[in-house]
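Input: a single structure, listed below in structure tokens.
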Amino acid sequence: MGKRKDGSPIAPSSQRKKQRQEVDDPYDEEDYGQAGPSVSNDYGQRKKQRKEADNSHTDSDYENSVSCASSQRVSASQSGTGDVGIIESIFLRNFMCHSMLGPFRFGPNVNFVIGNNGSGKSAVLTALIVGLGGKAAITNRGSSIKGFVKEGQTFAEISITLRNRGQDAYKPDVFGNSITVQQRLTTDGSRTYKLKSATGAVVSNKKEELTAILDHFNIQVDNPVSVLTQEMSKHFLQSKNESDKYKFFMKATQLEQMKEDYSYIMETKSRTHDQVENGGERLRDLRQECIQKEERFKSIASLGEMKEKLEDLKNKMAWALVTESEKQIKPFIEQISTEEGRTVKYEQKIEECQGKVINAEEKFRAKQEELDKITQEAVALKPQGIGLKEDVQKKRKSYNESEVLYNRHRMELKRLERDAEQLHKRIEELKKSADNDSESEKMARQKEINQIRERMKALHDKDITTNQQIHQFQQAIEKYKEERARIGNEERNIKQRLEQHKRQLKELHESKTDRLKRFGQNMPALLAAIDEADKLGRFRKKPVGPLGACIHLKDQELALAVESCLKGLMFAFCCDNHQDERMLQNIMSREYPRGRRPQIIVNEFIDHVYDVRQRATFHPDHPTVLTALEIDHPVVTNCLIDMRGIETILIIKGKDEAREIMQKRAPPRNCREAFTGEGDQVYTNRYYSSDSRRATLLSRDVEAEISHLEKELRNFGSQMATFQQRAQSVDKDIKENEGILRQYHNSKKQIQIDLRPLLERISELENVEEQPSIDIATLEGEAEENLNKIELVKQEVELAKEKMGNLKSFLTTAEINYEEIKKKISSVAEVAEPVKEDLHRVDQEVENCKRHRKHYEEKLKEHLDRIQKRKEEVAAKEQELEVKISQAKCICPERIEVSRTARSLDTEINRLREKINSEEVLHGNREEIIKQYHEAKERYQDVEGKVKHLKRFIKLLDEIMAQRYKSYQQFRRCLTFRCKIYFDSLLSQRAYSGKINFDHKNETLSITVQPGEGNKAALSDMKCLSGGERSFSTVCFILSLWSIAESPFRCLDEFDVYMDMVNRRISMDMMLSMADSQRFRQFILLTPQNMSSLPSTSLVRILRMKDPERGQTTLPFQPLNQEAEDEE
């Protein structure tokens, strides 16, 4: 067998024919999987053409491949002539009508074989085809090999020498630099081969070896591109049928052979598929038969073998028990190792909690110191404030006394000034008045004065009554306004509670179908988003929540207490890690764009509840929050233990009993706080009342809650209506009283208006008196004394005014100081309040941190105890293992590795014992049954293997053929494009224009050519051309095919038979040019023309044939209808 240039083996053509008949492996899988289709079935040629076909998917790629191929030829032509496959010489004896021709020694590049008709040119070409294994029908000179033997002779002999040099030589160590193919033809139609080395030694006489050589050299004698006879040219090239031209192209490029190969493969696949179907039915029958034979075979199994098997099973049983014990110990050891690895984690948690406790205690001390400092400041400011307040009160008293004294002196001054004026008037009147006033005038004045005083008294009484009425109505209006403000506040509270109850009622109605609506309108959407994210794998562990939805009450009366205890934790969610927390935060930001979001707690998920027995509180009559609840998930329980310490909080229904237990007596151990049935929070030294009066989240009877809320809504509606009526009534009373008050104020003003003229009249009447009997001098003395008193009083007024101003200044200063200290005390109180809240929060934080630390300390203790317990269990199991090993060694000293369980072995031992007992009773023809069973099993396995193999082969073949056919189409396109390029280029050398049209669908090829300039006339079909022009176009077509097909030599018979001198000259130049560019190929051109005009060059060799013998006009060829040759 030959090898390719890369060293891989090449299957001879005879082997390829065999492979067609074998369905199992008709193609080399590696070649099909890695390369495209090739021109022929020959592996050597496929390898060469594959280089040109790879990656040829676009027109630009084809152009690149053409230019690349041209550059390769130029490179090859410059490097020298071909080393392998070219024909060095041909020798003929008794062939056709020639006794002896040759030997003809051909040059490595261009060879012209010239001679007259009948000189033997075509005989040489025919001998080349036949001598290299071609069929007689290919030559078109006969249908049988025996027709080539010269008439009158018994045999004919053909000897062809091929070059075998260079690195691509075929078995150079065996054949040397040349291979001589010697073939002997006999008249009985047989032929024999001799393959000789360069030394003349016969190496082989097998045709397979010749086929391997041809494959290696890529020689295709049946390819019209390699060897084109006159008859082939007439049939295909000169034919006017476009289908014939297309067939010629397909045959020349070996695409036809590939297409036939593909069709044959698909037919083979179809037949194989039918065989598989038939084999499947046959396989089922064989399987059933095999099962039946196997059952009979098992039923008569040798007792000795069964007993041996029984002993073997007993040995395995002994060591299986050992293996199972070892397997039981292994997880304990691994668990101990794992648990010991987790010890560090608990210690780290304890250290972390200790650090948090220290930090929290430092915060507590800092807040306590801050509060103490504020308290000391407040205590220090309090006496100062009291002193300043007393000082203000004293100064205000002094100022008020000085103001009273000042007003008294001022009134005294006004009285004295009025008296002085009256004395002055009196003296003047006395001086001017006469002593003749009558008694009747005096009495009349006195009577008028009395009447005026009576009227004044009535007006004074009326003024007093009016003042009393004004005071009463002012107080009534103030009371009404206070009542109205109180009603407004209660009305707003009722309205707020009314809206809250309506919202709760709506949530309760919705919770009848979706309980989660109790936790807010957004909660169902949030949980749906969490479920969706969990399905998409965005959480490591799905968050749990809301926590309130995961808890249930054992006693419904404790609902308000539990809700007051857990508060915001009822809405919280728990995450296993911070990555899940961030994802949940993102989801919440979408579902809760505004307002408060539920709290997220990060706590590692574990599948069991903490053991809190050591730190939990206990009371015989009252449960803790933990024991009062039924919780769905251990993660929720652990979260509430960590965040709220529910194991340390009691629920005591009664208020008084709660105070008694928590404050008047020592509370139970580990109890920090308690909650009453009404939701009040009770500490050892504090008591906080609950704002809520009813549970909203944990209530179980929704209908009762709805009924209760509807009743309260009706009550609130009634209360709202009552308050609105009262408000309207009060507003009306206020309006009426304010109207009456305005009337009394107007009446008071009118009284003052009425009094003023009366006072003036009485003053006037009192000044008109009788002339007194006293002396005017006395009145003047009184006036002088009165003036002195006025001066003294004025001095007292000034002193009182000055003193009052000084006291006012002192009072203002004292009030400013007092206001400042009040502001300081108020600011200290304001600062102290948030500090107290922070102190309470930090206190809770300290307690939580200590509780966490205690929790992890207890967990560490439990963890270490668990490890110790596991170690003790392992030690006990290891002792048991030692006992089992010693027992197993007594049964079977050497250990057996057993993969089965002891239980399955025990079952089989019992079954085998029963079978042995039954077989000891029954006997049969054991040998025949065993033989039948083995035969049936072999048949079944053989058919099963073949069916499986064929199924795999069909599947692989489908995949390969799909890829190969795609590559075949791409390769055909590449060859078509390259052929068009070369054809157009060759025509242009004669100034012709033309094109080749390929129709692969209809399998036609049309050539249109226009002699002369292409733009002067339309393209014409070759039928319109002259004989010389048509021959020239045909040569261009041939040369185009030469450019795309691979073969070491080309043979062309009478290519210029119909050409004129000009076209012959141009065609010759084109062939020589191509030969010069392809020096690695050999060209053998047969022509009857005289080649004396050829240029003298070392590349061209002319072989002239002798003229035929006189009288010889025809060659003794046999008719085509004679019997076909025997290929073997």
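Glycine too: its Cβ is placed from the backbone N, Cα and C atoms.
Per Swiss-Prot, region 'Disordered' is recorded for 1-80.
According to Swiss-Prot, the feature compositional bias 'Basic and acidic residues' maps to 51-60.
Annotation source Swiss-Prot lists compositional bias 'Polar residues' at 63-80.
Per Swiss-Prot, the feature ATP binding site maps to Gly115, Asn116, Asn117, Gly118, Ser119, Gly120, Lys121, Ser122. According to DSSP, Lys121 (ATP binding site) sits within a helical segment. Counting only same-chain residues at least 6 apart in sequence, those with a Cβ under 8 Å from the Cβ of Lys121 (ATP binding site) are Val113, Ile114, Gly115, Asp1053, Glu1054, Leu1086, Pro1088, Met1105.
Per Swiss-Prot, the feature coiled coil maps to 275-519 (among others). On the 0 to 100 pLDDT scale, the model's mean across the coiled coil (275-519) is 78.
Feature annotation from Swiss-Prot assigns region 'Flexible hinge' to 520-692.
Feature annotation from Swiss-Prot assigns coiled coil to 693-955 (among others).
Listed in sequence order, the residues Ala123, Pro1088, Met1105, Pro1108 complete the 8 Å Cβ shell around the ATP site centroid, once Gly115, Asn116, Asn117, Gly118, Ser119, Gly120, Lys121, Ser122 themselves are left out. Counting Cβ atoms from all protein chains shown, Gly118 (ATP binding site) has 17 others lying within 10 Å of its own Cβ.
With a cut-off of 8 Å between CB atoms and residues at least 6 apart in sequence, the same chain places Leu92, Met96, His98, Leu101, Met1105, Lys1106, Pro1108 near Gly120 (ATP binding site), listed in sequence order. A C-beta separation below 8 Å, combined with a sequence spacing of at least six in one chain, links Ser119 (ATP binding site) to Met1105, Lys1106, Asp1107, Pro1108.
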